[in-house]
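So that you can see what the record holds, here are the features copied from TrEMBL:
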- 3-147: domain 'Ketopantoate reductase N-terminal' (DOMAIN)
- 173-296: domain 'Ketopantoate reductase C-terminal' (DOMAIN)
Amino acid sequence: MRITIVGVGAIGRLWAAALAKEHQVHLWTRDDKPQTQFSFTPLAATHSPVQTLTFASNQAQQLANSECVLVTVKAFQVEQALRDILSSLSTTTPVIIMHNGMGSQTIAKHLLPNNPLLYATTAQAAFQPTPDSISHTGQGQTWLGALTDNAKRYQSLADVFNATLSPCQWHDDILQPLWHKLAINCAINPLTAREQCKNGELAQAKYQPYLNQICDEVAAVMRAEGYPTQAESLKSLVDQVIEATANNFSSMNQDLCHHRPTEIDYITGHVVARAQAHGIETPCNTQLWQQIKQLEQEA
Ligand code: PAF
């Protein structure tokens with residue numbers, strides 16, 4: 001399959017490296033260079049050697065000929081990334097958008113009114129120790145599903161992704177796994193960013209009241225959005241992720257640490273905005289949102 005990946009952060013590179021084993025992968029980057037090279041360290045468990053990978057990049061014709069486009073930029077970069085590829089993208093090419101957080105769906109539908117539009121969320125983990133390298137640091141579930149009706153016939157893309165980095169499954173209502181991932185990110189990301197700690201440290205007793213209240217508020221918003229859930233089930237999901245990623249620094253922690261903009265507006269900010277629309281109070285999430293916005297400005 002001919003696939004273009006837009007955005008070469010940690011997750012974009014991970015999927016590029018994995019998909020390149022079976023598919024023709026082309027990258028779309030911000031630097032406009034005709035080639036992109038990086039070293040890839042597979043998951044330690046596979047005992048595979050470090051590989052140096054080279055990809056053709058930023059070729060309008062290759063983008064136009066792509067059978068699938070995977071957009072892996074951060075939520076706040078989606079609009080610009082889609083505007084950048086619009087003139088070369090065929091209107092029949094399915095476009096998959098994969099990022100932490102929610103809220104880019106409206107602009108994506110507006111900018112790509114005819115393309116089959118899909119969303120994905122992944123718990124695969126990657127770390128970029130240097131600008132020219134990427135390590136696959138953890139395996140996790142990927143969900144893929146259609147946002148628009150004309151994307152419903154692309155279920156086979158979940159098989160392609162599953163054969164590449166398993167497990168990946170198709171979901172008939174992709175907003176449901178997106179909401180669950182959002183709940184996890186609302187709990188882990190702002191707290192680990194504010195406290196400058198690893199995910200595992202959130203298991204300490206002093207953070208439990210915060211985690212419980214975050215889950216309580218997110219569950220209320222999810223129910224109002226039509227996704228029935230209980231705070232307790234979100235909290236146990238969050239606890240599982242804290243344990244499974246105990247040694248990781250969350251993406252928001254790393255963004256703040258490296259003075260990069262965070263995804264807070266598309267994570268906690270999205271919950272707060274939807275809560276306001278439903279007349280629901282979210283004091284804990286609102287406070288965390290304001291604190292991270294403040295820390296972003298000071299960084
Ligand atoms: O954003 C992240 O870092 C990840 O989505 C998660 C699940 C919080 C693990 O670090």
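Count begins at 1; order follows the chain as displayed.
Each residue, glycine too, has its Cβ placed from N, Cα and C.
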Stretch-averaged pLDDT - the domain 'Ketopantoate reductase C-terminal' (173-296): 97
For the domain 'Ketopantoate reductase C-terminal' (173-296), the number of residues DSSP places in helix, strand and coil: 95 helix, 0 strand, 29 coil
Helix, strand and coil counts within the domain 'Ketopantoate reductase N-terminal' (3-147) (DSSP): 36 helix, 51 strand, 58 coil
